[in-house]
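S.K.: TrEMBL feature annotations, pasted as is:
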| type | residues | note |
| --- | --- | --- |
| ACT_SITE | Glu154 | active site, proton donor |
| ACT_SITE | Asp287 | active site |
| ACT_SITE | Glu396 | active site, proton donor |
| ACT_SITE | Glu421 | active site |
| BINDING | Thr507 | Ca(2+) binding site |
| REGION | 51-109 | region 'Disordered' |
Amino acid sequence: PHLPTAQKGSRDTPFISLHWLPVEACIRFKEEEESLRDKIRADHERALQEAKEKLRKSKEELKAEIQTEKTKVAEDLKKKDGPKPLPPVPMPKLVGVNDGDPGDPDNKEKRDKIREMMKHAWDSYRQYGWGHNEVKPIAKKGHSTNIFEVSVFEVNIRFIGGLLAAYYLSGQEVFKVKAVQLAEKLLPAFNTPTGIPWAMVNLKTGVGRNWGWASAGSSILAEFGTLHMEFVHLTYLTGNPAYYQKVMHIRKLLAKMDRPNGLYPNYLNPRTGRWGQHHTSVGGLGDSFYEYLLKAWLMSDKTDTEARKTYDDAIEAIERHLIRKSNGGLTFIGEWKNGHLERKMGHLTCFAGGMFALGADGSPDDKAGHYLQLGAEIAHTCHESYDRTVLKLGPEAFKFDSGLEAVAVRQNEKYYILRPEVIETYWYMWRFTHDPKYRQWGWEAVQAIDKYCRVSGGFSGVKDVYSSNPTYDDVQQSFFLAETLKYLYLLFSSDELLPLENWVFNTEAHPLPVLHLGNITLPGSETQR
Ligand code: DMJ
């Protein structure tokens with residue numbers, strides 16, 4: 001987390017320049033803006049008051065209140081005769097939904113082991129964590145975080161993305177309907193002066209707000225920039241242009257902004273439309289924004305060339321300012337903070353190896369070979385970050401400074417919480433090169449996870465990958481099932497299972513089909529272009 005820093009300039013500066021508008025329009029615009037600000041202020045005060053009242057109540061009172069609410073929602077839904085069926089749209093042809101048998105006994109055996117691990121993780125969740133976000137595998141009980149507000153980004157990538165993938169893979173209407181119901185609940189988060197959504201929204205009241213630690217009340221690039229895939233699918237499936245328009249508005253707004261050194265800062269204030277602190281990262285706070293630019297192009301059957309160009313420009317600036325070689329010859333991606341390069345790379349950043357490989361085909365100036373090579377170098381560096389530990393599992397962040405090469409220094413950077421990014425990159429590299437080392441590295445990770453993270457109630461993160469006797473964090477993260485084990489399973493399957501020509505994985509590894517729109521125009525796209 002980053003502590004808030006004071007932002008230069010006035011928070012009340014209007015986002016849109018008014019000098020070209022006639023006086024009456026100017027007044028009306030200012031009045032509308034003022035009334036939106038008043039509403040936001042009043043909403044926030046009300047939400048604060050409600051939260052204070054809730055905190056005065058006992059756990060039992062809160063549980064009883066939640067139960068009453070749940071029963072009321074269920075009864076209301078019944079009264080409405082269930083949700084209206086959505087208009088039928090052509091179901092994309094689903095290619096590669098098959099067994100993906102790897103063909104040889106050795107890889108089959110390895111894949112069976114990964115399947116067994118998935119079963120252990122899932123059974124444990126079902127037995128001890130059902131109804132909660134995750135399971136605590138040591139305490140053997142459910143694990144949930146904040147009950148009052150939810151993160152727009154997390155709900156989108158984990159729940160909506162998961163429901164959409166379940167819909168496409170099963171064809172069952174219920175998943176689509178649930179995805180849409182949930183997405184409707186997120187829409188109030190976009191009611192800001194700029195249309196850049198709040199980070200969090202209260203599903204009951206629709207009141208949005210931002211993280212207290214984010215630079216001067218800013219929204220986060222990786223959060224508001226990781227909605228595109230799911231929202232385009234929602235418009236495609238429902239015929240409702242709102243979703244498409246919301247994400248295209250974000251794109252247009254970003255395109256108009258100046259970028260320091262061509263880089264996108266991680267913080268943007270949704271009230272003023274100004275950047276917050278000039279911190280750029282391909283790891284936490286920035287990562288999936290870049291991923292979704294590339295994937296917007298891929299999921300559109302490569303017709304969304306605007307997204308591709310934005311991706312190419314962003315990556316070009318990242319390569320120029322953030323990617324370096326260490327003294328020991330390891331390619332790493334650092335972080336840009338107020339004009340200074342921090343020679344530290346996060347585990348989260350390791351996904352970028354796969355992204356560079358995925359974006360190689362179609363890159364400008366015939367640089368496909370270059371990007372595939374860059375992907376391989378990042379994969380190698382991230383493997384080294386695993387290999388240089390005692391447990392053979394990677395730390396949360398590692399340095400390339402003062403003689404250090406791909407190792408964590410601070411105690412609070414030495415943990416491994418079952419994250420997928422390194423394995424994700426192995427899988428993409430495997431698909432594009434078939435170099436056996438990627439399967440070998442993936443297998444090393446399987447063995448280490450099974451040895452050090454497996455407990456009787458599932459799998460747990462560990463607090464220090466450099467200790468031979470690590471303590472557990474007692475959380476089985478949901479992305480361990482959605483991503484880590486899924487990418488491992490795919491790594492030991494044949495390429496015929498979910499081929500990348502037909503499927504694009506959202507940032508939580510939920511597969512969504514490429515939309516071959518052909519002559520179909522997405523509702524809302526006519527007014528946007
Ligand atoms: C996942 O929720 C997603 O991959 C997200 O984009 C960032 N990282 C976590 C897992 O580490």
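Cβ coordinates come from backbone N, Cα and C, glycine included.
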S.K.: If the criterion is a C-beta within less than 6 angstroms of any ligand 1 atom, which of the recorded positions Glu154, Glu396, Thr507 pass it? List them in sequence order.
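M.R.: List returned for ligand 1: Thr507.
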S.K.: Glu154 (active site, proton donor): which of the recorded positions Asp287, Glu396, Glu421, Thr507 is the nearest Cα neighbour?
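M.R.: Nearest in space to Glu154 (active site, proton donor), counting only the recorded positions, is Thr507.
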S.K.: How far is it from Asp287 (active site) to Glu396 (active site, proton donor), counting Cα to Cα, in Å?
M.R.: 15
S.K.: How many of the residues that make up the region 'Disordered' (51-109) does DSSP mark as helix, as strand and as coil?
M.R.: 32 helix, 0 strand, 27 coil
S.K.: Please classify the secondary structure at Glu396 (active site, proton donor) using three-state DSSP.
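M.R.: DSSP call for Glu396 (active site, proton donor): coil, neither helix nor strand.
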